[in-house]
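Please read the structure below before turning to the comments.
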Amino acid sequence: MSTLNNLTKTLTQQVDDGPISAVRLVKGYDNSYALNAAGQVTALSIGNSSLKKLVLGTEAQALEYLYLSGSESLKEVVFEVPLPHLTHLYLNNCAIKDITIPKGFRSLQQVYLQKNGLTELVFEGDCPALVLLDVSENQLKGLSFHSGFRALKYIYATNNVLQKITFNRSMRLLNTLHLAKNQLTELAPFLSEIETMETLYLQGNQLLRIDREIWDRDLNCWDTMKGYLTSLNKGNIIREYLHEAKMILIGNGEVGKTSIRLKLLDINAPLPDKKDRTPGLDIVPYTIANLSSAQTGLPASTSFTFNIWDFGGQGKYREIQQLFCSRKSLYLYVTAYDDTADYNELYVGYEYWLAMANAYNNDSGQHSPVIYVQNKNDMGEKPINEEEVKHKFGNVGAFIKISCVDKEQFTALPKLIVKSISKISEDIFTVQYNSEWLGVKEDLNELKNQGTNYISKEEFITICTERGLSEDEIRAWLTVLDRIGAVIYFGDNEKLKDWIVLNPIWVKDAICKVIDFEFYDDIATLKPSFLPKIWEEYSESEREKLLQLLISYHFCYKEEESFIVPALFTENQPKYPEHLSSFDCEIKLKYVSFLPAGTLHKFMVKLHDKIYNELRWKKGVVLQDGATNTYAEVTERWKEHSIYIRLKDKKGQHPLWQEIQKTLQELNEELKTTKLMQLDFEVYCFYNNKWKAKPDIEDLCELDSTNIFKFMFGLSSPVKEYISQKPTPLLGKAKLSIIFLTADPENKNPIGASVQKQRIENTISDAFEFYNNLETKYNEIGSNTVGKDIVHITVHGIPDQLFFVHDKHTDQSNPVQSDYLCKQLEKTKQVKKLIVLIACNSETTAKKIVDGGLTKYAIGTTIDISSKAAIDFSEKFYDLLKNSPLQIESVFEETCYELNQDKYRAKLDDGEFYDYSKVFKIFKKTT
């Protein structure tokens, strides 16, 4: 057990030489303390200590600042008396399981208790000055705040097991609540009354009565949640269930999707003729009545309504279909015995359709459920390898063979649909809304059924106001209606934000009319004079809106006075000029899940100003960067789920590559945001007549400086020469300085040094002063680091030794013992803020440097590391450090955490992923 008096005997007293408070003086200095004029301890900093228990008695009553962060063995902190002057309490990253804050902490402003494994936190009295509380990443089951927390603004409680959190209505200054990844089932409605609230994180909870579209769609869900909570604050509120979802029929043309839709609605309905094929999309409601309590978990029987979205299977409409797919849907993939390439030239395999459904996550982060339906069973069967399908697509929940002409056989399908409802979403039967909100939805449905295709936002507001919705509720409900597909709203589009579409079929029909229109040229030029012919039953104002809608969907782009529609380009590839008869290199982007139909067409729209000499066709385009006179050919191989890129640049820098990659990533992000689709692609390079993954190419570039793909890793930029500088005084310096040292000037050993240097320099931009020496000799280490705050060393290493260059014209290098390195650093007569040793097995050296008092922090490695691991760590670490240059420990932890989440992170020789928190180790000065 330790007490304050015992601790200060071994610590350094910080002296106040000016108008700086004791708290500010000690803050940031470990193993130190400060006294007031009466000789009482006012500030104490002993982070990363070996304390097990700390008891604070009367000798601590003057404490204003207490820092014990990172004391991993500290299990107990006992306050024997109130600490009325304490303002800051840092107890994060310790081993405290429970803690009690007694009465009398009236000055306490900030409390940090994250990452302790804390199971109980008790405030026995008021904390009227408390502004911030961080209890993230613990094991707390509940939090309760009474009227003594009126100043509290920021609560961080992510990653606990919170089942309940209660607030007092007097807490009117709340601004930020981070409550993600808990087990909350409800939230106090009165929060909507707090005018200062701005941020609310709720992802990963269990608020099953509130639609996840409200609280789990955005990282900060306050805007929509505020409106919902406002609706609950009203007197005599009636909550009603919204038992509704989409059923989306997908598959190739002529497999019987429309027949299935008709038979679900009426088992006796006649089958449609071939001429009645669905043009793009049809939508009809399908209600299942009298679902039992056993099926729903509700106290009484209820009905459930599917809106059946019947997608036409014709290839030309696939680009439209994705506009209307969504999560919280049940997918029916329909095939048949004659659904093969032999019968249908536009046939695509089940992999495309199931990958499309698989890309849409449902509310729990799981993939949307799919029923695999083989139709026309009376006419023949096609063998299905169910095990293979399930292995590729785990969201296929059931397989069924039916015939639409055999009533008895068909009835098995609706029974299977009922069983699948609960798989759509965990809250599918529990979500409730204010009856006023659902009343608005009913009003909109009635308008649609009466033939109204759209209304103005002003009309929508009037309908909501008449139903009693407030301004916050109106904003939230419109967002939700758009997300669940009840309306289409382009709130971010200046020309469409006052327009709300009630009938998606009307939009679909308008787009289909463009697709079906016979243009007079191969470029599919949509001239203004064509619009009255294409949309003859639409008014002029409607045509203007629809044209803007096509632009918003990246369906067309403007060229002079006309609009170009890439989806309608000819299949014929144009002839290239002589200077494009060959290209320098080829890259493939392989989409991990699937390549959405129309991706290349949207890509052309976004980069249309770079299209070269009208070299554009249905499956490809040639781009030019005018400033550098460089070229890129981009083509789509849809069935391979791949985009192919060929580049041409005499200088080998290929500036178009970054723009192409960035644009395709932006298109992915748009779908991730609007549709919650999980889209990513892997990069491959064609090297020595083989396709190689990008990480493998990066290693090859390290070995071969002439590799044509070095531009992908920033290796084509000129190297900034190291300039020896005189020692720079630290006081008053605006920026921290970094010196990058390596010992491989001829790049003879693949340690990733040049890439590290380039990545670090690009990452930090002008946030730090950056210097480098790429041929550091063993006896120049000290002189190179004079006046530098951060020293980054990238060399080869073995335990207790690093290797620095001896002669840059040979392979010779000198082994430098840890003790010698320490002596070199001692010459600077300066304690560094940080030394980073990116070398194999460098932890021993890092520890010796810290133990020698030469730096406050040092980072080393525990094993042999690959160049990829070294590069990734360096880039991520400095990217985070530039925003928090004084929080080195936290930045290190966050770096390791984020890298461990990367599914493309480096692998060990045995194929296992790196655990960066074990491979890299940080040491901190403690004496």
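Every residue gets a Cβ built from N, Cα and C, even glycine.
What Swiss-Prot lists as active site is His796 (among others), and the listing cites a curator's inference. The 10 Å shell around the Cβ of His796 (active site) contains 20 further Cβ atoms across the protein chains shown.
Cys840 (active site) counts 21 other C-beta atoms within 10 Å of its own C-beta, drawing on all protein chains shown. The active site annotation in Swiss-Prot covers Cys840 (among others).
According to Swiss-Prot, the domain 'COR' annotation covers 436-623, on the basis of sequence analysis.
Annotation comment: Swiss-Prot describes 152-170 as region 'LRR 5'. Packing against the region 'LRR 5' (152-170) from elsewhere in the chain are residues 114, 127, 130-146, 176-188, 190-191, 196, 201: each is 6 or more residues past its ends and has a CB under 8 Å from a CB in it.
Residues or ranges marked as repeat 'LRR 1' by Swiss-Prot on the basis of sequence analysis: 38-61. When pLDDT values are averaged over the repeat 'LRR 1' (38-61), the model yields 87.
Nonlocal intrachain contacts for the repeat 'LRR 2' (83-107), taken as residues 6+ away from its ends with a CB within less than 8 angstroms of a stretch CB, comprise 23, 42, 47, 56, 60-77, 113-129, 134. Annotation comment: Swiss-Prot describes 83-107 as repeat 'LRR 2'.
Here the repeat 'LRR 4' (127-151) has Cβ contacts under 8 Å with residues 87, 92, 101, 105-121, 157-168, 170-173, 178 of the same chain, all six or more residues outside its ends. Positions annotated as repeat 'LRR 4' by Swiss-Prot: 127-151.
Taking Cβ pairs closer than 8 Å, the repeat 'LRR 7' (195-217) reaches residues 153, 158, 172-187, 224-226, 228, 239, 242, 328, 363, 425-427, 430-433, 476, 479-480, 483-484, 676 in its own chain, all 6 or more past its ends. Annotated repeat 'LRR 7' per Swiss-Prot: 195-217, in sequence order.
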Separation of alpha carbons, Cys840 (active site) and His796 (active site) (Å): 6
DSSP-derived helix, strand and coil totals, residue by residue, for the repeat 'LRR 7' (195-217): 4 helix, 3 strand, 16 coil
Reduced DSSP assignment, Cys840 (active site): coil
Structural state census, the repeat 'LRR 1' (38-61) (DSSP three-state): 3 helix, 9 strand, 12 coil
Helix, strand and coil residues within the repeat 'LRR 2' (83-107) as assigned by DSSP: 0 helix, 7 strand, 18 coil
